[in-house]
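S.K.: Take a look at this one; I'll ask things after.
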Amino acid sequence: MAQQKFLHQRPIQNPFTNPFSSSPLSTSSISNRPISLLSRNGLLLLLALLVILGVFLPWAGSPLFPSPNKLSPSQSKWRDYSLPQAVKFVAKNGTVIVCAVSYPYLPFLNNWLISVSRQKHQDQVLVIAEDYATLYKVNEKWPGHAVLIPPALDSQTAHKFGSQGFFNFTARRPQHLLEILELGYNVMYNDVDMVWLQDPFQYLEGKHDAYFMDDMTAIKPLDHSHDLPPPGKKGRTYICSCMIFLRPTNGAKLLMKKWIEELETQPWSRAKKANDQPGFNWALNKTANQVDMYLLSQAAFPTGGLYFKNKTWVKETKGKHAIIHNNYIVGFEKKIKRFRDFNLWLVDDHASESPLGKLE
Ligand SMILES: *[C@@H]1O[C@H](CO)[C@@H](O)[C@H](O)[C@H]1NC(C)=O
Ligand SMILES: *[C@@H]1O[C@H](CO)[C@@H](O)[C@H](O)[C@H]1NC(C)=O
Ligand SMILES: *[C@@H]1O[C@H](CO)[C@@H](O)[C@H](O)[C@H]1NC(C)=O
Ligand SMILES: *[C@@H]1O[C@H](CO)[C@@H](O)[C@H](O)[C@H]1NC(C)=O
């Protein structure tokens, strides 16, 4: 029953209230020290002032605090970089891999990118930056691989995690995917709290419109059906909106349009603390007769509720896992710890394998 509660909830949280400990956002430990020195003597006062200037001046021009009037030439360039330009630049074989990231989640982006690079698909990755800091940072290290689709997530909206404004913001995801399909590309969407252990493209069998994974923990036989599963207790399925592959077909476009519609007609409510996953499941339900759908194998695409909780199953299905999703857990630090415990936190020792390199 406890698992029921978390079943359909994607553990996103307000990233801005929970920055990683070494984050430049937390300056309190630095700013406290000079104040205690003030009372001693003039020399120390001067020293303190120098420390403060040294600490804060570099940030004045940082991408964290972009001032529209003082953008560097390269920053203005990325500000105007459009989705069609970006998709054209990164696509290989008519396919792009997209994720959506805000600044505090860069370590997760980097971790995911290392695993994508190991399968040689990093060149196809396009990061949809949710704020300007992310746009500039990614493009500075890896030109052309991040795009921002205005409006940006402002810190005011971000602070109100679980609010309608935040829901509206994340609800733009199917619109971005639809736009990429309309441009004629295949698109794979991934959450960045994922790690690839194998190339997922080898599992995209046939020529179906939409491919997705189940978020249910119940163990299925290895040869389970690839059809949309029957609805669960809430009258709908528990397909994860965390990993989706779409071909630029009428069926896939219809599914995205239905998803957008579902998010509009079953909007945010305080009680439900909605995210975009239930809307996706209702869209699947309502378009099942018109869209050619393919449920990916559970052994290759297990929910975190299974992979991280059943050692026996993991042993039994060894060598069959393609993408691991760190869900069924809430909290930034908890996710990192769990990745570390399972040797999936690659950024500690393998940052050089990421196209972004070591982030600091
Ligand atoms: C593109 O397709 C070719 C031929 O199918 C394949 O060999 C190659 O690995 C693909 N490239 C990428 C980046 O997927
Ligand atoms: C969110 O979207 C709904 C439906 O489009 C709209 O009525 C509402 O005003 C929006 N709320 C915020 C805070 O953006
Ligand atoms: C759609 O959901 C309804 C209500 O739960 C259910 O009766 C129906 O079988 C579902 N359709 C499909 C194709 O899953
Ligand atoms: C764990 O996996 C094993 C092997 O697949 C299965 O028999 C068992 O029922 C699972 N345990 C739970 C708690 O789901």
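Cβ atoms here come from the backbone N, Cα and C positions, even for glycine.
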S.K.: From the ranges 1-25, 226-250, grab the one Swiss-Prot calls region 'Disordered'.
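M.R.: Result: 1-25 is the stretch Swiss-Prot calls region 'Disordered'.
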S.K.: Quick one: which of the glycosylation sites (Asn93, Asn168, Asn285, Asn310) have their CB closer than 6 Å to ligand 2?
M.R.: Asn168
S.K.: Going by a 10 angstroms cut-off between Cβ atoms, which of the glycosylation sites Asn93, Asn310 has the sparsest surroundings?
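M.R.: Looking at the glycosylation sites Asn93, Asn310, the Cβ with the fewest others within 10 Å is that of Asn93.
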S.K.: Report the nearest neighbour of Asn168 (N-linked glycosylation site) in space among the glycosylation sites Asn93, Asn285, Asn310, comparing Cα positions.
M.R.: Asn285
S.K.: Given Asn93 (N-linked glycosylation site) and Asn285 (N-linked glycosylation site), what distance in Å do their CA atoms have, once rounded to a whole number?
M.R.: 31
S.K.: Relative to ligand 1, which of the glycosylation sites Asn93, Asn168, Asn285, Asn310 have a Cβ found under 6 Å from one of its atoms?
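M.R.: Checked glycosylation sites vs ligand 1; flagged Asn93.
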